[in-house]
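Asker: If you look up TrEMBL, you'll see Glu450 marked as active site, proton donor. Under the heading Mn(2+) 1 binding site, TrEMBL lists His208, His210, Glu214, His253. The compositional bias 'Low complexity' annotation in TrEMBL covers 69-92. Under the heading domain 'Cupin type-1', TrEMBL lists 165-308, 345-487.
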Amino acid sequence: MMRSVYAAPSAKIVHRQRCRPILPRMVRRATNVIDWKSLQLSTSIQPNLDLNMLFISFIALAAYASAAPAGTNSPPTNTPTTSASVSPSTTNGSVLPSPTVPYASEDPNDSYLSRFQSGTPEPERGVAGGSIMGPQNLPLERQNPDLLTPPSTDSGSVENVKWPFGLSHNRVQDGGWARQQNIHEMPIATTMAGVDMRLNAGAIRELHWHLTAEWGYVMAGSCRLNAVDQLGRNYLADVYPGDLWYFPQGIPHSIQGLNNTANGCEFLLVLDDGTFSEDSTFLLTDWMAHVPKEVLAKNFRVNASAFDHIPDRQLWMLPSAVPTKSVTEANPVSPAGIVPLPFTFSASKAPATNVTGGSVKVIDSRTFNISKTIAVAEVTVVPGGIRELHWHPTQPEWTFYLEGNARVTVFASSANARTFDYQAGDIGYVPPTFGHYVENIGNTTMRYLEIFKTDIYEDISLNQWLALTPPELVKDESYSQPGQRLSGECLLHADPQLGALHVRLARHANRRKKCDEVKPECSRCLGAGTSCVYEYVEHMGPGNKRIKRTKPARRSASELASKSSRNISARHLDDNVTSLLFSSVSEDSTALAHSIDILPEMWDIGANLASSPLAPVETTDYPYMPQPSISPTPSQPLSDFSLTTLSSTSDHAWVASGVPYTYSLIPITPGSISQAWTDNEESEVDEESDPEGVGTILCINPTLDKNAKDNALPWVLECYSRWAIARVYEPLKVVQAMRDQVIQQFSSEHARRRTIMIANVMKMFGQDLVIDGLGQSILNRLASEAQQKSLAFMRTPPLSNLAMDRQNAMRALDSVLEILALQVNTQPIAACVQSLDNAAPVFRRACIEPPGQPLNLPNIMSEHSLNLRHFATIDIVRSVSTGQPTYFRYEVPFSLELCDKMYQMQDVSGLQWLYGFPDQFVMLFAWIHCLCETPGGNTPELIAWVERLLPQIKIAVGEFGDPLLRIGRMVVQDCWRYAVRIYLYMVLGEANALDPRVMRAQKGFMRLLRGVKPARNPDAFLMSPIIIAGVATLEERDRNTLRRRILNVRECAEPGTSGNDAMLQLEDVWMRTRIEGRPAVWSDLGIAVRRVTGR
């Protein structure tokens, strides 16, 4: 997760000096307690000093942490000790222990950099120290003011963690030079080594490979990289300032300087082993010089004379001509293709997240997929700014300073702390768990790289730790007076208002009390003397009635988990109508959490909620954040994982106002998760209303008490209307028929009971877009009854009157498919497939074709029976979106004429109105299935014919209804067109995701998807096309877009639902293909489905 770069104003030193008299005054009160009232008064008189005063108070009180009990003699010390005895406070009666150790230093401890630059450096700080009388190395001492004159807060011993490249031996050769740092220069740096290398234009760092992985960062100029992987796939690319590369261990590669932007290039190399040396590289010339020529001749199948002029020693670096061909022209074509994961990353084009104190972008394996052992954060800090106090739990930080001047204090525990100064060209190293900060002490912007030997960037923020610790505990740990809430969020802010804001957020992090509805002023919050964290919204409720309400604060992950695991016994079913009351689901989740087994400390684990990271807080620069991929252990079934939404109360940002933990590729736009989620909130609030008047048509007014028997029908109709608004693609087309059917079902007592149970689930889903434990219990009972009904029917022998037997079979399907419509949105894929398994033999018995014959799909789609059309459509689309075979083989004489016929019959047949699946495309999918099973069916001519046919297929879009919803439906239809193309190429054409046709269709799909903002319409009806496009998606930016669009649909973010399972399937495809280093093929989806569902 990202941390904060805090900006301090340039006058911060003056502020500290003005505050200096306060602490001694507090200490000198020998017979009185600290006067908190006077302190608060002084801060109110001088508002600019609020945070400084609070900080000083914290420092003063921290001295009590080591205090001995009253009456205990303090140990003798040679250091003068200023102590303060205290008496009971006149304000609250509490007694503070007597301090027996000196207070922390009151020295300003500011940097002496500016003083040293202009004058002679001297080891003097206040009255301590004295001038140097002997020889001086003035340039070196001016660069290290905090070594010459350490801050009074330094203590003990910390190993040297600084090395300037300027002190490294430089290997100068024809074509350039290189200098390095490893454990010989800085013994503490055992895990990483660095190289600063310069290549003139045309010069080549000859073909070579390493025992370690190589990570590169271009500091100036440009260069061309070439590499070949272990499968014979090649790679050629040009990189520019700010770009990265990564070659895994043993991958052969070369580097050549270009003259596009400068005379060659200079770059930083980081190797993931502190013992690495450029002198021990495996070089092509070195190897060939030590192999007999006859062996070389046999190996390359040429005459030995071809090697008469090879050098007798390594070249290492050599001059050459600048390449004149472009990358495309110069790259040889490999029979094995190109590498699936690029060895380079255009980090220079990745937008940084800008904040008050600077900017930051993180690039690790989630965005630069091939970089499995190196992660980096590129940070800029404005003058006076600071990279907050933090530490890295498992990996050391190898730092390289690119611009400016920095001061870093490294805290090594046990009272050991040491301060170092850094300039451009210096290397820093902080061991894991060592606390530190990075402060800009110069008058220009500081820029540096934080580099780690890991695949995923991680750190722990002192600010976040304190903010997410119970306030009482923080208060106790700081030994502050009751009522004084000290939070880590306020300690570094020079701006009192900004600091106070963070304190308020920390104190309200878990607040969930409802406002008292007195708006726009909340009397509860006013009475508490706090700012109201609730937002007042006017909302269009059912029946076009204006409902004024407060918008709930964000919920924590634990609250969401608690909600999903409610105790079923706490609810009771009424004899006539089940009473279900639910709290509204949080509408403003800000983070996507992927169920993976990495970064467990960042996840909240609750009932039915698997561990998950992913704090995407999106930035306005780039809407998406790279997300970690699923990585279960071999023995752990993937179905154990889930995807859900996490509240931002546990999120925390590197920067004062908040930053994503990776550069905005997402970055999940890695521009704006915040923008993306805001859009989603607006759309959900708008769409809770009924812009098309579905409820008005469906409901019988007035809607009275649902527990009154005579009013059960109006209540049920209201529940059905909620369901139709939330989940039916075009509800206006069927609302009248739905109303008539519900009224008819009330004529039967048994059907009445089942309809009321279904209505309860529909109402629950219509309110929260999820169902809880009781809803699941009702739905499971309904599914069990439908299963028993199917089994009972199949146990009866067929009637001699086949027409009558078919009618009975169709009626037996009534319950199954009605329940399936609920299961698809509320239960996992396995439960839905189980219902289809039960319904399949009943469906087959209802068809007119003799056993063993394929089913005529056009006849089924024109059937008056909704049940037959429903099952066939679900069977085919399920096969398409899971990579599994259909239950039956369908016969489809596909043609444009057939599509036109279906278009003309949209109002009387088909199922597009329910799920948004175009009936013409359903038949096309079935036709592709037939061709795949037919020898010679995948001819290029047939594929080209479908390509020409697709744009001519007309898809009906309702002419009436809300204009915005109609636009969303048009987007759904066009997304299906692109999905059909991808499916055609990957299934019938057996292409992989790198096929140019597949990539073109996938890019068209993503362009269309990004063209509309996230909203329930169209996102709730794009699940199947997103799955198809997701299999073909290679770029992490696109993957994060798909993640966001799926998980923005509330029911898909709920663990244990079909939508959530679908996201897990895509994550599995992406993970396996990344690990195996290849593009996806269609069969990967079927494997993922089996891993997720266990079927």
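Glycine is treated like the rest: Cβ placed from N, Cα and C.
A TrEMBL annotation is a machine prediction, not a hand-curated record.
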Asker: Using DSSP, how many residues of the domain 'Cupin type-1' (165-308) fall into helix, strand and coil, respectively?
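Answerer: For that range the per-state counts are 23 helix, 61 strand, 60 coil.
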Asker: Around the recorded Mn(2+) 1 site, report the further residues of that chain (criterion: Cβ within 8 Å of the mean position of the Cβ atoms of His208, His210, Glu214, His253; site residues excluded), sequence-ordered.
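Answerer: In sequence order, the nearby non-listed residues are Trp209, Phe247, Ile251, Pro252, Thr281, Phe282.
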Asker: Which residues does Glu214 (Mn(2+) 1 binding site) neighbour through Cβ under 8 Å, counting only same-chain ones at least six apart?
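Answerer: Non-local contacts for Glu214 (Mn(2+) 1 binding site): Trp245, Tyr246, Phe247, His253, Leu269, Val270, Leu271.
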Asker: Among the recorded positions His253, Glu450, which residue has the fewest other Cβ atoms within 10 Å of its own Cβ?
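Answerer: Checked His253, Glu450; of these recorded positions, fewest Cβ neighbours within 10 Å: His253.
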Asker: What Cα-Cα separation, expressed in whole Å, is found between His208 (Mn(2+) 1 binding site) and Glu450 (active site, proton donor)?
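Answerer: Cα of His208 (Mn(2+) 1 binding site) to Cα of Glu450 (active site, proton donor) measures 27 Å after rounding.
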Asker: For His210 (Mn(2+) 1 binding site), what residues in its own chain, 6 or more apart in sequence, show a Cβ-Cβ distance under 8 Å?
Answerer: Phe247, Gln249, Gly250, Leu271, Phe276, Thr281, Phe282
Asker: In DSSP terms, helix, strand or coil for Glu450 (active site, proton donor)?
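Answerer: DSSP call for Glu450 (active site, proton donor): strand.
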Asker: When a 10 Å sphere is centred on the Cβ of His208 (Mn(2+) 1 binding site), how many other Cβ atoms does it contain?
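Answerer: So the number of other Cβ atoms within 10 Å of His208 (Mn(2+) 1 binding site) is 21.
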Asker: Over the domain 'Cupin type-1' (165-308), what does the predicted model average in pLDDT?
Answerer: 93
